[in-house]
């Protein structure tokens with residue numbers, strides 16, 4: 001985890017605006033208008049999480065952030081308004097924001113965010129590498145609004161506000177579940193947003209249907225006996241329809257499930273929170289029913305063994321040779337075996 005902060009009051013008055021512009025440029029935020037006010041002040045605290053998500057709590061006098069947000073950066077940005085009021089202007093129109101409201105979008109989309117009073121926001125820059133593993137098909141969307149007074153927006157806004165309030169005390173460990181939670185919230189918000197669907201017509205509707213199916217799969221990855229029929233029943237469609245959707249994107253149900261389980265295991269292998277778990281325990285907790293099969297699949301996908309990958313993060317392998325397959329894991333004729341390099 002990396003962290004830095006800036007307070008303009010620590011600089012001579014004549015330097016404060018330039019210092020602030022440089023700080024926002026570091027965050028890939030284009031500053032358009034900064035009032036010539038002798039009382040101008042601004043401060044920010046920035047954290048970069050283990051997944052590479054950059055969080056910044058920004059408190060400042062009135063100003064306007066405007067332009068093609070981070071045009072050369074392949075990422076998704078998100079802003080939650082904590083205090084003050086703001087006006088968002090983008091190709092889809094103009095919107096007045098109230099505290100707890102969330103806006104988010106892909107980089108390179110022209111937009112402006114104008115603050116007429118003192119304000120505080122939490123800003124997150126989420127690299128596509130933290131989102132793409134969950135996107136079975138690429139999504140195209142502009143600037144989207146998530147009301148913060150109800151539903152998923154209220155929950156996400158509350159979590160991010162709490163994060164902003166604890167910037168000074170957070171360590172890398174607590175940031176890891178926040179990384180995962182933010183990615184989950186973002187995927188759910190995209191799947192439920194009609195603007196994402198209508199922007200892509202009938203193909204978009206099928207794509208979003210597949211994203212919802214993938215959301216169901218995500219919640220059941222730990223079930224070693226998960227089947228296509230199980231997911232189809234929960235979704236409310238036929239197994240044949242689900243197979244067709246996966247085929248349209250050159251994937252299969254089993255292949256997608258395997259890759260998502262591998263990705264979950266990959267994150268847990270280098271997470272200090274799970275350092276007490278052996279590699280076998282991690283693979284079984286995400287639905288694999290044979291350790292040797294997991295080891296081969298991991299090596300094929302990531303080019304290294306689970307043990308070597310874990311050691312690269314400075315964590316030891318805690319497998320001790322006597323781990324038993326948990327109840328319900330695996331099928332008849334399979335057994336837990338230790339990993340071989």
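The backbone N, Cα and C atoms fix where each Cβ goes, and this holds for glycine too.
What TrEMBL annotates here:
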- 211-312: domain 'HTH araC/xylS-type' (DOMAIN)
- 313-341: region 'Disordered' (REGION)
| Within the predicted model, mean pLDDT of the domain 'HTH araC/xylS-type' (211-312) | 94
| query | Which numbers of helix, strand and coil residues does DSSP report for the domain 'HTH araC/xylS-type' (211-312)? | reply | 73 helix, 0 strand, 29 coil
